[in-house]
Each structure stands twice: as C-alpha cells, then as structure tokens.
Amino acid sequence: MTATTPSDKDRVIIFDTTLRDGEQCPGATMTFEEKLEVASLLDAMGVDVIEAGFPIASDGDFAAVHEIAKRAKNAVICGLSRAGAKDIDRCAEAIRPAKQGRIHTFLSTSPVHMKYKLQMDAEQVYQLVISAVTRARNHTDNVEWSSEDGTRTEFDFLCKCVEAAIKAGATTINIPDTVGYSVPEEYFDLFKRVRENVPNSDKAIFSVHCHDDLGMAVANSLAGIRGGARQIECTVNGIGERAGNTALEEVVMAMRVRNDKLPFWNKIDTTMLTRASKVVSAATSFPVQYNKAIVGRNAFAHESGIHQDGMLKNAETYEIMRPESVGVKQTSLVMGKHSGRHAFVHKLEEMGYKLGQNQLEDAFVRFKALADRKKEIYDEDIEALVDQEIAQSHDRIKLLSLTVIAGTHGPQRATMKLDVEGQTRIEEAEGNGPVDAVFNCIKALVPHVAKLELYQVHAVTQGTDAQAEVSVRLAHEGRSMTARAADPDTLVASAKAYLSALNKIVMKRERDLPVPEAAAS
C-alpha cells in the first residue's frame, strides 16, 4: 500500500495492457516466451489485472493468453473481445484456466465511429452493447465493457449505454480517451457527471484508459481517478498505439510521491518498476528514452556542478523520490577484465537479472571477451550483453563468424558463417559498402523477402572502444519486426541485429494465423 491512510474506497486497481494495447504499437511484437516473461513479472510486482492479449486475433495470441491464465498466481487475467459472439466465446475459452478471469468487450459509441467504422445507428449499437455484455456475463461474473472513443461520444448516449451495460452485468465500465483528445479538466468532469447521471453507477467500478497523442495520458488518467474512477489502464514504459498509453510507472509513482494531492493507493511493488521497464524494452526492442520519467537512464543522473553539490549535501535538494524506491541502485561495482565470475554474478543480481546456469556461463564468456576489448565496462554494456544473450537463446539462426574486407578501392566483401537450425552454412557476398555486403550475405544464406525499413547505429557508452548498438526493422507480410544488438564491432552488431529481427519473423510466422482488424479501446 502506498497511501498513508488506506481504505477500500481510495484503492486504485492497476490494469496493465502492455501485452495487448502495448503490443499493438508498430514494431513492438513480442514472442510467446517474451509474453510469458513479462506477464510473470507483472504478476509478481502486484498488478491487479493483466490484459494478456486479444484471443481471436491469432492462434499465437490465444495460446499466450491461455498459458498466462494457467500460470498467473495473483492477478486477474483479462482477454479483449469485440462485441461479436465468436469473439466473446473465444476470449472466454482463452481465460478459462485462470484463477480469476475477465472478459473485456468493447464497442464504439461516438458519432464518427458509429457512422464510418461500424455503419450502425445508435439504437443498433445500444442493443449490441446489451447482447455483448449479457453473453460475456454468461461465461464469467467479471466483465468489463468499454465505450470506444468515449470522450467523443454524445453525453446522453454514453450514459444510456453505460447504464445498460451495468444492468446487463458489467462490473467494470471503461470510458477511454481512445485518440488522446481530452484534457484533464474535461476528463475529470466526464467521470463526475457520468457517475452522477447513471442511476446504477454504484454497481460498477469505473476505469480510465488514455492515449498520449497530446502528451496528457498520465495527467488525464489521474484526473479521471479524482473524478471517481478507480481503475487505471496503463502500459510499462507507456508503449502503445500511435503516441502510446498511460505509463504505469508514472501514475503509480505520482500517487505515491504526491499522496497529499492524490490520496489513493495501489498494490504495486515500486522497487520492481525499473526491472519491468528493462524487460519490456528488451522484449519489444523499443529503447527507453534517456530522459523518461521514473525509469529513464537520466531520471536519477545529475551532471550540473551546482546540482551535484546540492546532492552531496542533501539528496532532497534535487530528488523528489529515492532511486531505491523504483529499483535503481546507487552503488555499483566497477567491472573490467580482472573481474571474476563471483563479481559478475553479483553485478547481474544488482541489476535485477536472474539467468539459468547455461545462460550465465555464456554471458560470462562474452563479458570476458568484451572486457579484453574495452578499457572500462559500464552497466549499459552488461545490460546490452545479457539482454542479447536472453534473446538469442531461442534463435533459430545464429551468427558463428563474420569477416569483412573493405577499403577505398573495389566493392566491399563479406564472408559469413551461420548456424541455421543446427546446420552450418557459409557464404560470401559483395555490397555497396560493408553493411550492404553483410546484409547481402544473410540474404544469400537465408533467402527471404523481408524489406529493411530501419537501420540505426549509436554508441552504448562513451569512448572510441564503446559498444555499437544497432537497431534494425524488417517489414514482412504487413508486419514490422524490430531488433537490437550490441558489439564493439559495428558490422558484427549489424549482422546480429538483422538476424534477431529475422528470427522474430520466423517465430511469428510459425505461431500466428492472419490477424483481423486490430482492436483499439
């Protein structure tokens, strides 16, 4: 609990939709194993409701929701469903193994959505709300209904639909700011007025779901809570469609740090926030911006001499929260080529990593090799090394060796050796530059039609011996897969990043059926 005087009426339910709305962010697709890892972490850190996916979207999504439902120890496991009978029944089947399951069904209610998206009139939508909630309630007594594009819905019609949904059995009512259009005062007033005008509003918990198109998702969510909502729908790192969703770590810490103005509490173990951020970043290959609130690299960094002087005298001069409260450690070992296995294991534990014995041995070997090539090893170096080790443990295609010949004369040439599902393949290729030669080698060794959409390089740390971190995004059959890799050799990092994205495509293609129209609530 994070409030000083907790009571049930002040408790805010944290509903995490990283695995559903977060994954709808272009390029943020996660593998089956990555989803299980994220769900396990969310469950352990005290998330109340985990929206694990959209079961009817694909066999892969269904399997992930079903497996997460079986494994969850504490959280309610929720699946998203449109208003159709097949969607609802498929969702019910996916969450059936859960100790606590929820069906989240949604339907657009705004004039623009009803006219152009649904091509239905208000009465048809109203009747569909009733039938959808009724069908969902036949499967479970924990049903959430969302009025998609609720902030642009006519007020009287919104109240009518909310009242009908509660009467049909909905226990949670979500009024989302689907397109990030609202402002805090308006969102506060909307919840206050709906609760005052819907006769049976006391029979359901109201929920906020905000997008960050105007940069106000967190502010709007907190305004909705002040207006009477008691559930916040959010994602780790704020990932999500377009500009993203409300960031879990930001709303949780806002309620904790400013409990004087936001007298609410939740069950989140805030010391796990930084670890959750890193796990989601690694799984999605979406780097966290350095100045991101709460979990960014610079969130607790002070470079100005004046600030440093103040911090040394009293940390409260420039810090409104202790870094330990969100899982950031102030003290650390200086890692280098003389560090032994014990020190390496201690550093990993300090950073929040728990590796199996084989992964640990492989990571240590790579660490020693890196330490021989760098004067100093930073935490970011180890983070990149270990995250890459975890990602590669499920790879079908692995880089064994790479040699590149480049210079001022003639085409550049690359020779590469790959392990492709246990078979060793060797190829040589030329290109217009060394990177082009490397990628041409991969195409020759593993023929594919994926198109390169993004290639970016930046240094993980300072210095001429810094590791290069390469980001690659490949487009394949209407989907984009993004991957990152780090290595002191930029060309090796490029090859590893390309192969990592290719591995994601291979695994996704094997698991999924064609995806229907994406949901957005």
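Glycine residues also receive a Cβ, built from the backbone N, Cα and C atoms like all the rest.
Remember, it's a predicted structure, so these values are computed and weren't measured experimentally.
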Of the candidates D21, D43, D48, D419, the one that Swiss-Prot places in the Mn(2+) site of H209, H211, N245: D21
Stretch-averaged pLDDT - the domain 'Pyruvate carboxyltransferase' (12-274): 97
Count of other CB atoms lying within 10 Å of the CB belonging to N245 (Mn(2+) binding site): 31
Among H209, H211, the most crowded of the binding-site residues [Cβ within 10 Å]: H209
Coarse DSSP state, helix versus strand versus coil, of H211 (Mn(2+) binding site): strand
Secondary structure composition of the region 'Regulatory domain' (398-521) [DSSP: H/G/I, E/B, coil]: 34 helix, 53 strand, 37 coil
